[in-house]
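What follows is a single structure, and I will ask about it in a moment.
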Amino acid sequence: MTIKNVIFSLFILAILAETVFSQNCMDTSCPGLKECCSRWGFCGTKDEYCGFFCFSGPCNIKGKSYGYDYNVDAGPRGKIETVITSALFDSIMSKVESNCSAKGFYTYEAFITAFKSFGAYKGKVAKREIAAILAHFSYGSKSFCYKEEISNERYCSKSKKYPCEPGKNYYGRGLLQSITWNEYYGAGKHLGLPLLKDPDLVSRSPEVAFKFAMWFWNRNVRPALYLGFGEITKRVDGRECGNWRRDDTKNKVKQYIEFCEMLGVTPDQGLDC
């Protein structure tokens with residue numbers, strides 16, 4: 001092989017490596033400090049990367065909504081304990097049926113403690129976001145009726161980083177029961193909790209249940225708030241989008257609108273996914 005061919009081959013490999021990197025930027029981030037990762041997983045510095053559809057990086061989304069009010073992080077704000085008071089929380093939980101296994105499990109104290117354990121919620125929070133969180137938590141637990149998935153599958157993958165504990169199952173527990181598999185229970189590493197060794201801790205402790213769900217929300221959902229309720233629904237459980245589970249999507253949107261009305265705010269316009 002000539003030197004010219006070697007140089008050409010290295011050039012092609014560099015391009016391929018850059019392409020592969022950019023296509024996975026939602027997992028690996030972009031190589032350049034000035035680059036943005038788009039919601040489709042590509043890196044760049046132009047408006048299609050850093051504008052309205054920016055996922056991470058130095059996003060510039062102000063004025064990029066193209067006339068639509070999509071931002072779930074917009075509108076009236078307040079501290080979590082003033083937006084959701086003890087009386088309002090009790091009113092929501094009073095609708096839980098007496099035959100529900102989680103009746104009385106989800107408490108106001110656990111709710112507030114879990115929220116305030118994340119820096120983003122120690123100050124004022126958009127009421128829309130709180131409404132969206134409640135809608136997803138309510139839907140994910142069947143209106144706060146359950147604290148664990150009815151179908152108790154094992155959901156164990158061969159992960160060296162988050163190995164399964166012998167005899168333990170990693171099915172959905174808590175408020176977002178679409179969160180399954182041992183990798184997600186690896187959240188215990190970030191929460192300071194032994195969730196891989198003791199996944200049932202999520203269904204034993206209301207505070208842990210809220211923290212587990214809030215960890216997922218902060219990590220996977222919150223970066224997309226400006227894209228609308230439909231987009232964050234896709235990030236919680238993409239199976240609900242499209243034509244496969246339209247009734248599920250409609251019911252979740254209905255709950256979001258109801259919680260928005262309860263908090264005195266208008267929902268965003270990006271409801272569908």
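Cβ coordinates come from backbone N, Cα and C, glycine included.
Sharing the features that Swiss-Prot gives for it:
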SIGNAL    1-22  signal peptide
DOMAIN    23-61  domain 'Chitin-binding type-1'
DISULFID  CYS25-CYS37  disulfide bond
DISULFID  CYS30-CYS43  disulfide bond
DISULFID  CYS36-CYS50  disulfide bond
DISULFID  CYS54-CYS59  disulfide bond
REGION    78-273  region 'Catalytic'
CARBOHYD  ASN99  N-linked glycosylation site
Please report the Cα separation of CYS25 (disulfide bond) and ASN99 (N-linked glycosylation site) in Å, rounded to an integer.
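About 46 Å separates the two Cα atoms.
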Taking DSSP three-state, what's CYS30 (disulfide bond) in: helix, strand or coil?
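Looking at the DSSP assignment, CYS30 (disulfide bond) belongs to neither helix nor strand, so coil.
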May I ask you to report the DSSP-based helix, strand or coil state of the residue listed as 'N-linked glycosylation site'?
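Where the residue listed as 'N-linked glycosylation site' sits, the three-state DSSP reduction gives coil.
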Mind looking up the mean pLDDT for the domain 'Chitin-binding type-1' (23-61) in the predicted model?
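In the predicted model, the domain 'Chitin-binding type-1' (23-61) has a mean pLDDT of 76.
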Could you check which of the recorded positions CYS30, CYS43, CYS59, ASN99 is the closest Cα neighbour of CYS50 (disulfide bond)?
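The answer is CYS59.
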CYS43 (disulfide bond) has how many other Cβ neighbours within 10 Å of its own Cβ?
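The answer is 23 other Cβ atoms.
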CA-CA, which of the disulfide-bonded residues CYS36, CYS37, CYS43 lies nearest CYS59 (disulfide bond)?
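Nearest candidate: CYS36.
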Whole-number Å only: compute the distance from the Cα of CYS43 (disulfide bond) to the Cα of CYS54 (disulfide bond).
10
What is the interatomic distance between the Cα atoms of CYS37 (disulfide bond) and CYS54 (disulfide bond), given in whole Å?
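So the alpha carbons of CYS37 (disulfide bond) and CYS54 (disulfide bond) sit roughly 6 Å from each other.
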Please name which of the recorded positions listed here, CYS30, CYS36, ASN99, is nearest in space to CYS54 (disulfide bond), Cα against Cα.
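Its closest listed neighbour, by Cα, is CYS36.
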